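Undergrad: TrEMBL lists these features:
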- 27-46: transmembrane segment (TRANSMEM)
- 66-89: transmembrane segment (TRANSMEM)
- 95-115: transmembrane segment (TRANSMEM)
- 122-146: transmembrane segment (TRANSMEM)
- 152-178: transmembrane segment (TRANSMEM)
- 199-218: transmembrane segment (TRANSMEM)
- 224-257: transmembrane segment (TRANSMEM)
- 228-364: domain 'O-antigen ligase-related' (DOMAIN)
- 269-291: transmembrane segment (TRANSMEM)
- 355-375: transmembrane segment (TRANSMEM)
- 418-436: transmembrane segment (TRANSMEM)
Amino acid sequence: MYSWLLLLIAYLPFQVALNLWPGFDLASGRVFILLLFFIWLTKATWEAELPISKCGKPSPPHLVNLRTICLLFFLFISGLSILAAENYWWGLRKFLFFLSVFPLYFLVSGLIDNWQKFKKAVWVLAAGAGLMALIGLIQFLAQFVFGLEKVYGFWALSIVPVFSGFNFGALILAYPSWLVNISGQTIMRGFSLFSDPHIFSLYLGLILPLAITLYLISVNYKKLLFAVCCLLFAGLALSFVRGAYLALIAAFLVLAWLLWKELNSKKIAILLLLSLLIFFIPGTPISARFYSTFNLTEGSNVGRLEMWQSAGQLSREHLWLGLGLGNYSLSIDPDFEYRNPATAHNFYLDLFSEIGIFALIIWLILIFGTIWQLYPAPFEDKENFARSAILELHKHSHLNVALISSLVYFSVHSIFETAIYSPVILAILMIILGLCSKRLSILESA
């Protein structure tokens, strides 16, 4: 079962869309998540492995923790909010989406039961992200060889329908975010096989801290892992997503601080801080894009602030259950169809306005409570380990700071985007939360 989980993790960023019938696209990864989950659940129930372990002793409470409780409460409140929805069907579709991806958290928590399996899962995540970043780099550079129009047309006609579906692909092309104007020049951003640069950058940013710490703790394949880290950093930079830049700065500051203060990895900490200079050195397209973040008269910034004000007002008017899951866009335009581009461009405001204040509180407890639990775990329990286990604990500690940094990245990027409805992003987040649970349970049982 564990091998199938690794295959699923490897497949997620490359999953194709199933066009089951006209007007309906389905990410194939959702199907495979449910299939593997039910097989695992059936097998575990049949072999009585859920309540007790094979040796007859109570198994560690892998599935009874902060993350499990928060996710289940979040699902409950999401379903409850549909009662307040103007369009029940839209809310139900979003709820079914959650139900089809959340089980990945339980798969990771249930199938990864030791350090080696944990490390292999991180390897698979890093390898997939490296390949996706390489494709994004090729896609970005191709416009300077074949011309922007040819590359744009090829991606729109040949790539988008396969990986995003015909219907969602049509929405992407109707509201494109592939192009960016920098210093008067229009160029195509890097986004690889994803639907847009924002999802691409969020995906890379979630995995980059894991890839960096994997490089630090690995003995073999150091050059390959360093190349993967460089690819992920370059891919994120060439997405020209300003929210990603701010999120990466926050994540790298946290990662560098933890590496310096807690793990004495000062050289890597300094290197991480120096890498951030790419956003600040003037005269480059990347820094020009970054500095435009603070231009409050720039069109997209003005529009985003107006969206935030509108979403904030709606949240106050629908405090307890929100507008109903999946129904925010109807408050913007009642004539919108289900697939539409209307969001608050702020995950927290989207959550608040659609599902209510309790969902927002639970989500904040989920993320920041997990960070709170992860932070002291590798640094305060060293006296409980024998000398022979110190080196292994040190490796565990590096993965802890990586998980913390990934959650910081997601939290900051979510201020500017709502990516939780992306099948890939939500799936990767469930994997990371599952790894957080396993990291804590492995340390507790050591």
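Note that Cβ sites are derived from N, Cα and C of the backbone, with glycine treated the same way.
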Undergrad: By Cβ distance under 8 Å, which residues at least 6 away from the ends of the transmembrane segment (152-178) in the same chain are close to it?
TA: 14-19, 23-27, 139, 143, 188-189, 191, 193-198, 339-341
Undergrad: Considering only Cβ pairs under 8 Å, which range in 66-89, 95-115, 418-436 makes the most contacts with the transmembrane segment (355-375)?
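TA: The stretch with the most close Cβ contacts to the transmembrane segment (355-375) is 66-89.
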Undergrad: Taking 66-89, 199-218, 224-257, 418-436 as candidates, which has the most Cβ pairs under 8 Å with the transmembrane segment (27-46)?
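TA: Result: 418-436.
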Undergrad: Taking DSSP states H, G and I as helix and E and B as strand, how many residues of the domain 'O-antigen ligase-related' (228-364) are helix, strand and coil?
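TA: For that range the per-state counts are 95 helix, 0 strand, 42 coil.
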